[in-house]
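Taken from Swiss-Prot as is:
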- 23-43: transmembrane segment (TRANSMEM)
- 71-91: transmembrane segment (TRANSMEM)
- 108-128: transmembrane segment (TRANSMEM)
- 136-156: transmembrane segment (TRANSMEM)
- 165-185: transmembrane segment (TRANSMEM)
- 189-209: transmembrane segment (TRANSMEM)
- 216-236: transmembrane segment (TRANSMEM)
- 316-336: transmembrane segment (TRANSMEM)
- 349-369: transmembrane segment (TRANSMEM)
- 385-405: transmembrane segment (TRANSMEM)
- 418-438: transmembrane segment (TRANSMEM)
Amino acid sequence: MKQTFRFIKPIERITHLKPNATMMLFLASVLAVIMANSSLSTIYHEILEYPINLTIGGHEVFSHHGETMTLLQFVNDVLMVIFFLAVGLEIKQEILVGELSSFKKAMLPIVGAIGGMIVPVLFFLLVVHEGPGARGAAIPMSTDIAFALAALAVLGSRVPASLKVFLTALAVADDIGGIIVIALFYSSHINIGMLAIAFGILFIMYLMGRMHVSNLGLYFVCTFFVWLFFLQSGIHTTIAGVLAAFMIPARPGLHAKNLRAEMRSLFEAMPNDKIRQSGSSLILSHNQINVINSMRKIARKAISPMQLMEEYLSPIVGYFVLPLFAFANAGITLGGVTADALWGVPMAVFLGLFVGKPLGIYFFTYGFVKMRLCPWPEGMSRLNLMAVSLFGGIGFTVSLFIATLSYAGAEHLLFLNEAKLGIFVASIFAALVGIVTLRYELNLESAKAQKS
């Protein structure tokens, strides 16, 4: 009985977590599955087919191959650009000052990410190596960092910080690989003229950064036009979000070291005017308001446009874009999957994510360390490396996205449905086995510490 309670403790920890973006993403996915497999399925598909219109000067902005975008296309081709803009900002931060900022720091996560991209593809192709189903070989390449870190958080503060750092850096390197795959293999009929205009706008954004332009509105407007011309160029629009992110300056208008002195001088300049007060109501003088507004502007200058944009985008992506993406794309029709079909695309995706991804990350990382090409990360053992590698098999968001690109069109709907099933099952297995493995390792370490 005691063992049973010990086993369900992580589940209890999940149920006591306050609602967050990851939980909303999970709930949106569950809602999509319920609606797609109930009497609400007609309503669900009608929602996804709802047309999205925006006409400016006679030009229909949200147009997909000359036709008005449906809600599903709008989510995948427009809203996901915002997600990849946020991903690009995160990648840029890691390259500038994070775990990818030096060759020595970046080497091991990059090697692990490479293994975690190559081996899953091989496992997929072992099962489905020809025909239209093989188009989805890239599906098990990706890690969902939000769900992976949420699974890690289930075990609380006992998890070594080095594991979180390694998993985050691994996922960022993984994102870079996924972006390259999307750019190379999911673009068609490239319009060089439109692409040249898009890169011209990106160059203007670069010059704006060099000229210390910090107005986020201008960068958002430029990003919109970069997206618009990428949409017409034939290269997938998510690449526009990533490239635009790299153009956002990371240099603030005021160095943090000078912020305290600036604030002190403004604080000392605060007029000692009489404050009118009645109960909890309080009215400042105009001079006091001016000084406080100056403080606000100075404080804002101390934050770079890159970090400001990330702060703005984070809640939008977490609480709106990703849950809506999950709702639009996670609707698996379980009734349409036969027993024979399970051995095709679903098994290929499952083996790629749950077996290939962890093995690729683990053996590439461990092999690199054994060859003395890179030091073993502090606080990491072989067993918790395997646990982190299993968390890498939680694909979900980006895997679903690549599945929609791989099996686009009505003729591939069955493959898309099967791929979604494989992603769901593999991600759940990877999370559960990863949690159990890491919990076992942490308990072993705790027992050893108590004996000593």
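Cβ atoms here come from the backbone N, Cα and C positions, even for glycine.
Distant neighbours of the transmembrane segment (136-156): 10, 13-14, 17, 21-22, 25-26, 116-117, 120-121, 123-125, 128, 163-164, 167-168, 170-172, 174-175, 177-178, 181, 185, 318, 322, 345, 348-349, 351-353, 356-357, 388, 391-399, 402-403, 406-407, 415, 419, 422-423, 426-427, 431, 434-435, 438-439, 442; these residues of the same chain sit at least 6 beyond its ends, with a Cβ under 8 Å from one of its Cβ atoms. For the transmembrane segment (385-405), same-chain residues at least 6 beyond its ends with a Cβ under 8 Å from one of its own Cβ atoms are 25, 76, 80, 112, 116, 136, 138-144, 146-148, 151-152, 163, 166-167, 170-171, 174-175, 178, 181-182, 186, 236, 238, 322, 325-326, 329-330, 349, 353-354, 357-362, 365-366, 416, 419-420, 423-424, 426-427, 429-431, 433-435, 437-438, 441.
Sequence-distant residue pairs (6 or more apart) of the transmembrane segment (189-209) and the transmembrane segment (108-128) include fewer than 3 whose Cβ atoms are under 8 Å, leaving the two stretches without contact. Against the transmembrane segment (23-43), the recorded stretches 71-91, 108-128, 216-236, 316-336, 349-369 differ in Cβ pairs under 8 Å, and the greatest number is found for 316-336. The stretch from 71-91, 216-236, 349-369 that makes the most Cβ contacts under 8 Å with the transmembrane segment (316-336) is 71-91. Long-range contacts of the transmembrane segment (216-236) within its own chain (CB-CB distance under 8 A, at least 6 residues past either end) are made by residues 61, 77-78, 81, 85, 182-183, 186-192, 194-195, 197-198, 201-202, 204-205, 208, 243-244, 247-248, 305, 308-309, 312, 405.
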